[in-house]
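The ATP binding site annotation in Swiss-Prot covers PHE8, SER9, GLY10, GLY11, GLN12, ASP13, SER14, THR15, THR16, CYS17, LEU18. The Zn(2+) binding site feature in Swiss-Prot is assigned to CYS188, CYS197, CYS200, CYS203; the stated evidence is experimental evidence.
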Amino acid sequence: MKRAVVVFSGGQDSTTCLIQALQDYDDVHCITFDYGQRHRAEIEVAQELSQKLGAAAHKVLDVGLLNELATSSLTRDSIPVPDYDANAQGIPNTFVPGRNILFLTLASIYAYQVGAEAVITGVCETDFSGYPDCRDEFVKALNQAIVLGIARDIRFETPLMWLNKAETWALADYYQQLDTVRYHTLTCYNGIKGDGCGQCAACHLRANGLAQYQKDAATVMASLKQKVGLR
């Protein structure tokens, strides 16, 4: 039996990964992390979606220690989430240092426990917010370290790594789940479900990608299929 673990936040990217994983694997487990995030409404959304979409199991882990150690606008109410700024440079204050290091490590331990061959994460280096732990070189380096550290060939999969946001919308549509992703996921840094607040960087990337896809769906879908080998 092919089994995978999806690092699942209930947002657009991880939900799209879950939708695809359910087609590719016989048994799919979700793992969600509660680190006291500002947008922790995502945890309830993730639980609802994992059940709705048909995941075999869903584990929610308390990793409150991350909140104590990592200073970010997503872990401190006293730090405001900035509005989207096309001219912003550097790493934004929404970056949570060590988050993906911790999440992927714990997901790998869980994969070891349940006998999964893959850990799937929705990180992306094409349309992203500049987080260093979303880069392909980081994911590959950590994957190598995990394999060495647990002596188990657990594979990290990043199906969205080289897709832009329009192509990510196309992928959800390919599996006939675009409305599920649009109306039932939570991507917004301010914790607003669906189309979100419309002001933060996460909402901007999501809305811009949807607009691009809706403007020329056929071209975007063709690009997606060519990139990932879909028919």
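Just so you know, glycine gets a Cβ as well, placed from its N, Cα and C.
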Apart from CYS188, CYS197, CYS200, CYS203, which residues in this chain have a Cβ no more than 8 Å from the mean position of the Cβ atoms of those residues at the Zn(2+) site?
VAL81, THR187, TYR189, ASN190, ILE192, GLY196, GLY198, GLN199, ALA201, ALA202, HIS204
Can you grab the distance from LEU18 (ATP binding site) over to CYS203 (Zn(2+) binding site)? Cα atoms, rounded to a whole Å.
20
Surrounding CB atoms that lie within 10 Å of the CB of CYS188 (Zn(2+) binding site), all protein chains:
23
Among LEU18, CYS197, CYS200, CYS203 [binding-site residues], residue with fewest other Cβ within 10 Å:
CYS197
CB neighbours of GLY10 (ATP binding site) within 10 A?
25
Sort the binding-site residues PHE8, GLY10, GLN12, SER14 by C-alpha distance from CYS203 (Zn(2+) binding site) and give me just the closest.
GLN12
Could you round the CA separation between GLN12 (ATP binding site) and CYS197 (Zn(2+) binding site) to a whole angstrom and send it over?
15
In the same chain, outside PHE8, SER9, GLY10, GLY11, GLN12, ASP13, SER14, THR15, THR16, CYS17, LEU18, whose C-beta lies within 8 angstroms of the Cβ mean position for the ATP site?
VAL6, ALA46, LEU49, GLY122, THR185
Neighbourhood of PHE8 (ATP binding site) by C-beta distance under 8 A, where only residues 6 or more apart in the same chain count:
SER14, THR15, CYS17, LEU18, CYS30, ILE31, THR32, ALA46, LEU49, SER50, ALA55, HIS58
Would you mind pulling the DSSP three-state label for THR16 (ATP binding site)?
helix
